[in-house]
Amino acid sequence: MGHPYAPAELELPGYVPLQLSQGEILVSYLGASVFVLLAVWLVSGRCGRLSKIDRMLMCWWAFTGLTHIMIEGPFVFTPNFFKKGNPNFFDEVWKEYSKGDSRYVARDTATVTVEGITAVLEGPASLLAVYAIASRKSFSHILQFTICLGQLYGCLVYFITAYLDGFNFWVSPFYFWAYFIGANSFWIWIPMLIAIRSWKKICAAFQTEKVKTK
């Protein structure tokens, strides 16, 4: 049976077509994401006097942490997701996303490696960041800065390897801009902003400590 991915010569023996529509997948994912963001925003309001920025950061880290673990995790540990006769929601997510980057359905080793590191390390670390912000832990900004570097590095590897491998993994310009560029752009500009903020906070803390020791 054929497949809808690019390049057309990509071999996917045992491929099972999508059973959910694009709309069903996106509505479910976006709905769950909005629920998480709203829930964390409401809960963060009960965590003492947190600034709006800190509350927004808690929402982001909860969202990205759960995305890494619950969406990217199943991809990493389910190598035959595109062959399953009775696929679950996560299998369908990756079959749909592969229209924008067929390296996922092809199980490209670099892509699996990046996603594996993201799911196993950055996912739990992101949830730890939620706790660190809520509890005002001293390591909060160091942790956030470190995760941001990891996310930015992962994005660099993701895009650079795509370019080096031919840059022809999407079905159409729509999937290129919506999935390959659009969906991943959040993990570029948001971590950059957070990293800059955390860097400034860390530098300010060291400067204050330096003044105290004089």
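Every residue gets a Cβ built from N, Cα and C, even glycine.
What TrEMBL records for this protein:
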- 25-44: transmembrane segment (TRANSMEM)
- 53-195: domain 'EXPERA' (DOMAIN)
- 56-77: transmembrane segment (TRANSMEM)
- 116-134: transmembrane segment (TRANSMEM)
- 141-164: transmembrane segment (TRANSMEM)
- 176-196: transmembrane segment (TRANSMEM)
- line: The correct DSSP tally for the domain 'EXPERA' (53-195) reads 112 helix, 0 strand, 31 coil
Statement: Across the domain 'EXPERA' (53-195), the model's average pLDDT, rounded to a whole number, is 97
- line: Given the transmembrane segment (56-77), its same-chain partners at Cβ distance under 8 Å and 6+ residues beyond its ends are 29, 33, 36-37, 40-41, 44, 50, 88, 90-91, 93-94, 104, 112, 115-116, 118-120, 122-127, 129-130, 133-134, 144, 147, 151, 187, 190, 194
